[in-house]
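Features of the protein shown, as given by TrEMBL:
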TRANSMEM  33-55  transmembrane segment
DOMAIN    37-502  domain 'Major facilitator superfamily (MFS) profile'
TRANSMEM  75-95  transmembrane segment
TRANSMEM  102-120  transmembrane segment
TRANSMEM  126-148  transmembrane segment
TRANSMEM  160-180  transmembrane segment
TRANSMEM  192-210  transmembrane segment
TRANSMEM  321-341  transmembrane segment
TRANSMEM  361-379  transmembrane segment
TRANSMEM  386-405  transmembrane segment
TRANSMEM  411-434  transmembrane segment
TRANSMEM  446-466  transmembrane segment
TRANSMEM  478-496  transmembrane segment
Amino acid sequence: MYASREDIGYDFGDNSNVGSKPIKPNPNIDGGWAWMIVLSSFLVHILIMGSQMALGILNMEWLEEFNQSRGLTAWVSSLSMGITLIVGPFIGLFISMCGCRMTAIIGGILNALGWILSAYASNVHYLFLTFGVTAGIGSGMVYLPAVVMVGQYFQKRRALAQGLSTTGTGFGAFLMTALLKYLCTEFGWRNAMFIQGAISLNLCVCGALMRPLSAKDLREKYVVRSDNEENQAKALSHSTETIKSNGVLSEEPEKKEEAANEEVLGSVQHIEIGGKSGSRRSMYGLSILKTVSQLTVTVRKGFALWYSSYFGAASLFTNRVFVAFIIWALFAYSSFVIPFIHLPEIVKQYNLSRQDNVFPLTSIIAIVHIFGKVILGIISDLPCISTWNVFLMANFTLVTCILTLPLMQTYVGLAVVCALIGFSSGYFSLMPVVTEDLVGTKHLANAYGIIICANGISALFGPPFAGWIYDITQKYDFSFYIAGLLYMVGIIFLLIQPCIQKKQPKEKSTEEGQV
């Protein structure tokens with residue numbers, strides 16, 4: 001159904017004009033330092049996503065401290081979780097200009113600052129700014145680089161590497177819940193947030209581990225990837241004219257810009273050499289001028305890449321399959337969150353509290369979710385398996401479970417459905433892999449930033465929407481059914497667009513033949 005971005009006739013020109021000469025791959029691709037990148041990303045997921053999953057502990061403390069409504073207080077955690085994802089496109093700009101390492105380090109400092117300032121909160125609205133906005137933006141600045149770096153360092157084991165790194169969310173939910181509960185009990189919630197802010201500074205260490213690959217290494221990775229997919233591309237790819245007609249980011253402007261940049265730097269270096277006979281002060285000024293020139297060139301190139309990805313003639317939005325992927329992301333995340341909201345009510349309605357206290361249904365989802373990410377990653381990395389097909393099958397399983405969960409009235413039935421929800425939702429680890437297949441490594445940061453932004457919108461408005469439906473109908477069933485139907489609409493978009501994309505080139509070639 002889908003194999004690679006070549007199959008849908010879309011390319012962004014990721015240095016594809018390379019010779020057939022075999023190139024020795026970098027030992028750090030799929031090995032070596034790549035596993036340190038996985039460790040760094042794993043710790044980021046523990047410290048960021050795990051902490052956000054444990055915010056229920058702090059939410060109870062805030063309710064008791066500020067005596068505000070549950071709805072208003074809940075917006076603190078919702079803002080933090082939503083902004084972490086919504087700022088994705090803007091974080092893509094930072095990555096294009098500063099790189100993943102610098103972006104993550106700055107984000108770690110900002111996240112820790114948000115936690116520490118929140119310890120001095122005098123009301124809920126203060127938390128909106130310090131925790132919801134400040135810590136949320138900081139989290140986003142670390143989260144996106146953590147995902148992008150894993151995609152850059154892995155080729156053959158991309159899905160497995162993403163699966164292993166994102167299991168940090170599940171482990172973090174357990175660890176951070178226990179930690180925050182202990183800290184709040186022993187030291188109070190204000191000191192707990194101060195201590196958590198100090199712990200969050202470890203995000204800077206995780207960012208420092210994100211050693212960037214050189215442009216040469218990224219080109220070698222692309223060559224290896226192209227060789228591995230050559231057989232599939234021959235069977236399913238379109239003509240060169242079709243690929244060009246779908247929009248390719250031209251390499252000529254980049255080359256012209258690089259030549260101009262080199263000319264500027266060369267002139268600065270020439271002035272520096274000529275000024276060696278001058279005073280130390282002039283030499284110091286020239287070195288500053290050279291540094292500023294290099295920084296200006298880097299910022300210009302980064303902004304040009306970011307701008308062309310979103311607003312250029314061959315922007316990401318000209319890829320219809322990617323647009324369908326965005327529409328899917330708008331509905332997907334809320335469908336995963338809603339069961340966590342309504343499961344306690346389901347348990348209470350069917351008098352299953354005793355069994356649920358022994359082994360909570362939400363814990364079943366969380367535990368199986370960890371294994372689902374790893375297993376789906378292993379399956380997707382098999383040579384004979386398409387990542388896209390695994391991704392779609394997991395989505396179909398999840399939407400089926402969402403629609404059937406309200407029909408279960410026994411603990412065993414609910415436990416089975418929750419286990420399937422946890423396993424199938426492991427497709428989250430495949431999202432960066434699918435995104436990279438659609439747009440290429442070069443545009444992964446900007447493209448995945450849009451995807452997690454759509455997820456953030458879903459996370460921000462999905463739960464309140466589900467609560468609004470419950471308030472109107474006084475039944476949890478409709479929340480599941482509406483969420484499931486919207487989720488199905490997103491999946492249908494994913495199914496239809498690749499077919500349309502493949503059909504259009506055939507019709508165009510037929511018209512050209514008639515002419």
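Here the Cβ of each residue, glycine as well, is placed from N, Cα and C on the backbone.
The stretch in closest packing with the transmembrane segment (160-180), judged by the count of Cβ pairs under 8 Å and taken from 33-55, 192-210, 361-379, 386-405, 446-466, is 33-55. Sequence-distant residue pairs (6 or more apart) of the transmembrane segment (386-405) and the transmembrane segment (478-496) include at least 3 whose Cβ atoms are under 8 Å, placing the two stretches in contact. Residues 40-41, 44-45, 48-49, 52, 62, 75-76, 78-88, 91-92, 94-95, 100-101, 103-104, 106-115, 117-118, 162, 165, 203, 206-207, 210, 432, 444-445, 448-449, 452 of the same chain sit 6 or more residues outside the transmembrane segment (126-148) yet have a Cβ under 8 Å from a Cβ within it. In the predicted model, the domain 'Major facilitator superfamily (MFS) profile' (37-502) shows an average pLDDT of 78. Of the candidate ranges 33-55, 75-95, 192-210, 411-434, 192-210 contributes the most Cβ pairs within a distance under 8 Å of the transmembrane segment (102-120).
Outside the transmembrane segment (192-210) by six or more residues, the chain places 36-37, 39-41, 43-44, 47-48, 51, 58, 100-105, 107-109, 111-116, 118-119, 138, 142, 145-146, 149, 179-180, 183-184 with a CB less than 8 A from a CB of the stretch. Among 75-95, 361-379, 446-466, 75-95 has the largest number of CB pairs under 8 A with the transmembrane segment (33-55). If you look at the transmembrane segment (361-379), the same-chain residues 6 or more away from its ends with a CB under 8 A from one of its CBs are 159-164, 166-167, 169-171, 173-174, 339-340, 343, 347, 385, 390, 394, 414-415, 418-419, 421-430.
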